[in-house]
Amino acid sequence: MWRRQVGALLLRPRSTPSSTLRHHLLLPVPDQSPPLASNLLLRLFTSQSGEGGDGATKPFIAFVLGGPGSGKGTQCARIASDFGFAHLSAGDLLRGEISSGSEKGELILNIIKEGRIVPSEITVELIRKAMESTDAKRVLIDGFPRCEENRIAFERITGTEPDLVIFFDCPEDEMVKRLLGRNQGRVDDNIETIKKRLKVFESLNIPVVDYYTSRGKVHKINATGTEEEIFGAVRKLFSSLRF
């Protein structure tokens with residue numbers, strides 16, 4: 001019974017300044033009275049939340065965490081292919097909603113243009129609906145939660161915790177080297193921005209990892225070495241699980 005009515009839960013507006021869409025959609029948001037766009041967006045999600053049967057079986061949920069350049073995205077794609085997981089990315093879901101041209105997508109874009117953060121409740125609602133729309137019995141949620149506020153919102157709205165948290169543990173110097181060397185023409189792949197992203201990751205993501213470690217849910221993967229070497233450790237972990 002993991003699907004819950006979430007209407008009352010979504011009426012907790014949050015907002016704070018932001019600099020970029022790609023890397024700061026999911027940062028924590030201090031309580032403030034939201035402008036019109038945010039208010040309307042929350043109402044839209046409220047009016048459509050909780051649809052569907054409450055008798056659906058909860059999927060096996062795995063959160064996948066790791067710093068920028070840790071290789072988690074690459075490994076997620078292989079996990080999904082080899083072990084039958086649906087691969088969900090919170091950032092991709094937000095960008096997908098924006099590119100769809102829907103009313104909610106336009107409102108999300110307006111929030112970002114105003115230099116504010118999309119409330120965690122809205123991001124979680126997109127994840128919840130994506131989980132409901134897939135037939136997969138196993139779900140990877142890539143790069144989420146990025147902070148304690150994300151985690152709390154997810155557990156409150158979905159009424160469940162992840163079954164597994166995978167943390168790709170990679171030294172900072174290795175992540176910097178990978179990001180500088182991937183040469184994908186991304187403006188944020190410069191040393192100054194990379195250092196800032198790693199600092200944000202350390203301050204916001206690590207408390208989430210620590211919390212789930214205390215719950216006995218975290219499996220750390222040594223994210224140094226080649227892609228094949230890292231996936232060897234991933235394969236060993238997933239082959240040992242009973243879903």
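Note: Cβ is positioned from N, Cα and C throughout, glycine not excepted.
Going by TrEMBL, these are the annotated features:
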BINDING   G69, S70, G71, K72, G73, T74, R182, G225  ATP binding site
BINDING   R95, R116, I117, V118, G143, F144, P145, R146, R186, R197  ribonucleoside 5'-phosphate binding site
BINDING   N150  CMP binding site
Worksheet entry | S70 (ATP binding site), number of other Cβ atoms within 10 Å | 25
Practice prompt. Can you grab the distance from G73 (ATP binding site) over to P145 (ribonucleoside 5'-phosphate binding site)? Cα atoms, rounded to a whole Å.
Written response: 15
Worksheet item: Can you tell me how far the Cα of T74 (ATP binding site) sits from the Cα of N150 (CMP binding site), in Å?
Response: 23
Worksheet item: Out of T74, N150, which has the highest number of nearby Cβ atoms, where nearby means within 10 Å of its Cβ, if these are the binding-site residues?
Response: N150
Worksheet, complete the sentence: Cα of R182 (ATP binding site) to Cα of G143 (ribonucleoside 5'-phosphate binding site), in Å and rounded, measures 19
Item to complete: Quick one: among the binding-site residues G73, R95, I117, P145, which has the most Cβ atoms sitting within 10 Å of its own Cβ?
Response: P145
Worksheet entry | Recorded ATP site residues G69, S70, G71, K72, G73, T74, R182, G225, farthest C-alpha pair in Å | 16
Response to the item:
CA pair I117 (ribonucleoside 5'-phosphate binding site) / G71 (ATP binding site), Å rounded to integer, equals 26
Worksheet item: About how far apart, in whole Å, are the alpha carbons (Cα) of G143 (ribonucleoside 5'-phosphate binding site) and K72 (ATP binding site)?
Response: 8
Response to the item:
Excluding its own, the Cβ atoms lying within 10 Å of the Cβ of R182 (ATP binding site) add up to 11
Fill in: Cα separation, G71 (ATP binding site) to R95 (ribonucleoside 5'-phosphate binding site) (Å, whole number)
21
